[in-house]
Structure formats: C-alpha cells, structure tokens
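Below is one structure, written out as structure tokens; comments come after it.
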Amino acid sequence: MARKTPISLYRNIGISAHIDAGKTTTTERILFYTGLTHKLGEVHDGAATTDYMEQEQERGITITSAAVTSYWSGMAKQFPEHRFNIIDTPGHVDFTVEVERSMRVLDGAVMVYCAVGGVQPQSETVWRQANKYQVPRLAFVNKMDRQGANFFRVVEQMKTRLRANPVPIVIPVGAEDNFSGVVDLLKMKSIIWNEVDKGTTFTYGDIPAELVETAEEWRQNMIEAAAEASEELMDKYLGGDELTEEEIVGALRQRTLAGEIQPMLCGSAFKNKGVQRMLDAVVELLPAPTDIPPVQGVNPNTEEADSRQASDEEKFSALAFKMLNDKYVGQLTFIRVYSGVVKSGDTVLNSVKGTRERIGRLVQMTAADRTEIEEVRAGDIAAAIGLKDVTTGETLCAESAPIILERMEFPEPVIHIAVEPKTKADQEKMGIALNRLAKEDPSFRVRTDEESGQTIISGMGELHLEIIVDRMKREFGVEANIGAPQVAYRETIRKAVKAEYKHAKQSGGKGQYGHVVIEMEPMEPGGEGYEFIDEIKGGVIPREFIPSVDKGIRDTLPNGIVAGYPVVDVRIRLVFGSYHDVDSSQLAFELAASQAFKEGMRQASPALLEPIMAVEVETPEEYMGDVMGDLNRRRGVVLGMDDDGIGGKKVRAEVPLAEMFGYSTDLRSATQGRATYSMEFKKYSEAPAHIAAAVTEARKG
C-alpha cells in the first residue's frame, strides 16, 4: 500500500494550555474546521470530542491526551491537503506526567493562553517541558471576546514570565464584545469570519483606520524577526528592499523550528474566530516529521548510540506513549512511528523487555471513534490492539535492527493511600482494575501491605489518586473505601550489639531445639538494607540450618519493634550457636533467629526513619520570603536558590514527606497560584524524638 500523504505534509502537534484557557474548545474547533465533527462540542455542556473520559466531562478538565487525526488544506484551500495528528494534553499539575509524555512524541505545539488570565503557573511548567524536549511552538491567545481581554499584555507576559521571544503574525481587531477578527500582518489585510457558517468562510477587508499605525509597527517587528534568519535577508532588509511574503514565511519557519522565536496569533475559539488562521500557521510554521533531527536511541546489543531518520525506507521503530482501556476492544496502545512501516499482523521486538509482540489490529483515532487501518508509516501516530506486554515509554522496533529510543523519565509517586473493596465481589475486580490502570500510568503504583494485607495505591498527588479511584468505579464497577494519605516510615539500629536466643521445647515425643548467637551492626544508610554473614566455625551449627537463620531474620524485618515498620540498614553476623542431633530442625532455627534479632534490636538503640523529599519550588520573586518561611515551618532545610530563567526564583530544599500533605493547596493560596513545585524522594533520615513518639503512639493507638 503506497503512502497516501507525503511525510512532508504531516503535522504532529500538541494543544497545550493552563486549565480554563479554552484549550478543549480550541481543539474542538480544529476538529470542526478540519471536517471531522459536524456539531460543535462545547466543554460547557460536557460534549467535547477530545474529553472522552467521563470524569473529564464532569470536572471540565482534560485528563488524558487523546490523539486525533484530521486534515487541513488552508482557509482559502491554498495548500495541498495536510494531515494533522493532534494530541490534547492535560493542564492540571497532577497530570504533568501526561504532558511530559505527549511532549516526547510531538513535533510542534500550540500553546493556548487566555487573553484575560495570560501566562499562568501551569503554562510555565508546560513551557519548561517543551524546552526540555526542544519542541517548536506557536502561541494562540484565546478568549479575545471576554471582558478584560488584552492581547498585547500576553505578549509582554510571554517575554517576562517565559523568557520567550514572541512574534505576532496577526493582531486583534477590537477586543471584548467588539472583537470581530484579526489583521493578518503578512497580507496587511483584516480577516472577518462569516458568523452564519460558524467561521467556515471569511473575507479579506481593509485594516480599520484606527489600527493602521499599530499594524505597521507590529509588521515591522515581524519583518525584523524574519530578517535575522540569514545575512542575505538582513542585507536586503537593511538595504531598504521589501521582503516578499514567501521570504518572510520561510524565514519565520526557519527560526521557529530552531526554537529562536514563537509566532503568535489570537482569536476566540468559542466565537469561531481566529482558529482557522492558526491552522494555516501550523502548516506554514510548524515542523513536519522530516524537519526535526533523527530520533536518538541506543542499540541494546552494543550499548552504542544509534538513530533513525523519519523515512519509510528505514527499519521500523516506534515509541509506545499511551495506554488506554477501551470497553469494546480492550487495551489500546498508542504508538508514534519514527521510522519504517508496520502492518497489522507483523511481529516486532519490544527492545526494552527483549520480548516479541504481534501487532494485532491498527486503528486511527478520531477522538472517540476509530478507523481500522492496515499499516502505519514513519511520522504517523496510531493505536495498536492486542499487544500483550508493552508499557508506556517502551520501544517497538524491527527484530533485525534493535534500538531503544530515549527512555521517558517518570517521577516516583509520593503519596500512598489504602483502598479497601466494599464487598467480596469487588475484591477480585479491584485487583484487575488496579493492574490495568498501573499499566496505563507509570506514575501510579499498586502494592499490598504485608502487615495489614491492605492494598496501597501510590501516585503524584491527591487529585491523581482521586481520579484513579473514580475510574475504578466507572470503568470496572469497583466500589472502594479509601483511607487517609500515609507516609512510609522505616526503622533501623544505631549501635552494634550481640544477641543470643535458645529455642528449646520438650513436650513428649520429638522436641525443638535451635540456638543462635548473632552480632548486629548498623550499615551505611540507603545501602543494600540488609546483609547476612555466616561466620560459623567448626560446625557448631550444621550447614543445612544456616539458611534457616537467614530466613528467620528476613521474615522478621518487615515488622520492627519501634512502631512495626520495616527494618533497614542492618548487618547480621552469625557467630555461634548449638544444635541437637534429634530435636533441631529448620523451623527451630528460624524461630531462634527471629527472637535473637528482636532481642538485639531492643538493645541496639532502635530509631525511626522518615522519608525526606527533594522539593523544588519555582516562584515569582515577590513571594520568595513566604515560600522559604513556610518550608522552614515544615521542618525543611533550604539548600539553595537559583534564577529559574523566566524571571522568578527556584528554591531547592529537603523536607520530610509527613509535612508536605496539602502543600499544593497552601502554596497556591500563598502565591495566588503563581508558584509551582515538584518533589521526589531523596533519602531516609532519622526522625526527631517528638515525631517518632507521635508516630509510635498513633500506630499503637
């Protein structure tokens, strides 16, 4: 089957924004104009095509990035038909792992800002992620029809808060209720969209008299930005010659792809104005898969760097970037194909796990509908059905040419909550549901607490876990109760001791006898956690019983004597003991070792350890004092401060996890929502006496 759309006409783009900047409405309009949806879905009534999970429709926030395919050949049908793969990304801080994952597979992004709210904290986080993956981007200032809308203020905020280099290529005609269209600075004409057909057609008109001067000034800025693309253009510009429209677009494209400028447009998605011109800008200024550098990776056999060109002729390579459960077909694995071609029925290699996978059916998504396709070619995005063991971030490739594409880094979860099924019937379903959800979302973990037998779920924040519990209920019909957030404490010893225990029972018939002497000492914190050394001389304990001593101690480690938390960082030497020819058994030595360990721990000055988090807060300078004071109150140690590169400060600190619950809410209110933070586990360290006492009390409570 030959390629239908040349790879140069592909645009893989993300629509990214802060909550409530109107991103979903913008995506919805894109789908409408590109001919996919005939009735416009409004987020206001929960009908948007890309918000296809029920909770998103309810909460009005976009949680999962849906990949949608559509086509565009220009407002005036001036381009050959281009194929867009649009990835909708979430804007809430608990879902940054989703945003990061989408950024990895995009070639370009459209950043949507609210004309009233401007650059918001989440916009800064997303901007940093786009910088990390070097994604070329456009900015679209939405909601120009709202009270307080101001396009030029957002241009300034992009410079000061994001340290961006925005270059408007349109400016608004009017604002608030009077917003009627835009001035196209390339053509120096106003564009007025037809309200009757929801903006599908438009007319060019003269620039309103009161805007001519402003338009001239912004056109000059745009031409200067274009001229900086090459010496040749700069000479032409400085020599007083006019640059042609083609030269300007070509130069702006070159600088956008290099990340030197960010072209800016504006409109009101809700009022069907401006999105159409932005789609033309995507064609003109954002990259095709062939415009970006070859994807880098590592050959798993040689561990040497390798790469793949975006070409059908190359060997197949793709990245699995999203898992979704679909109630009709089961697991959907979204893949971005970087090179080569894959057909349904092909067998490919999962190079991360070293396993083979058969590609079942391949489908292309239009928000929540799907079309079966026979093959996917370089530069395209599709979903595969029937993959057995593929997790987000893994590479699929040709068996004859293995490669592991850059791994995505996922943060460690920081919050644990116990979940209990409400009924016996829910118990089995819950296990299946949680395992499926963990496969979809690498920042979410599930484990069983050995002491209580409870199921513990861990994630990136309280909202993250709320949504997981919600999805269990909706998608799998599991009703569950959830506990309060918990901290994972540990225990250890502070001094070396010697302990002895003799387990001897004689009650008629075969007795039990095991006798051990152990030396216990603290190990380097954060090391292996436990080490067992056999120092028995002269067979005082026979060889076959030595592993039982080790096992007896290992089985006791999960329940320490301070507050019943797992014991870490202890070294045990088995130095002496005795046995009985008839009465000694493996069980007797396990019991003796377990008791000797408990005895030793009591003498060894036991301590409670608490998890310490590395916390980074990015805040505007004026809130710096409040942020530092608050971290100190939380028993935090501030390690340093840096400029964050976008006009604010970055504070680095180490803070006990126990003090960080509810932090995002407190930080939001202390900084009017302008600071953001990230935290990850750093180390365990000894908890102060009063904290240890309180924890112990609560456990025994």
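Note: Cβ is positioned from N, Cα and C throughout, glycine not excepted.
Copied over from Swiss-Prot:
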type	residues	note
DOMAIN	8-290	domain 'tr-type G'
BINDING	17-24, 88-92, 142-145	GTP binding site
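In this structure, Met144 (GTP binding site) belongs to neither helix nor strand by DSSP; it is coil. Ala17 (GTP binding site) has a Cβ environment of 29 other Cβ atoms inside 10 Å.
Mean pLDDT of the predicted structure over the domain 'tr-type G' (8-290): 83.
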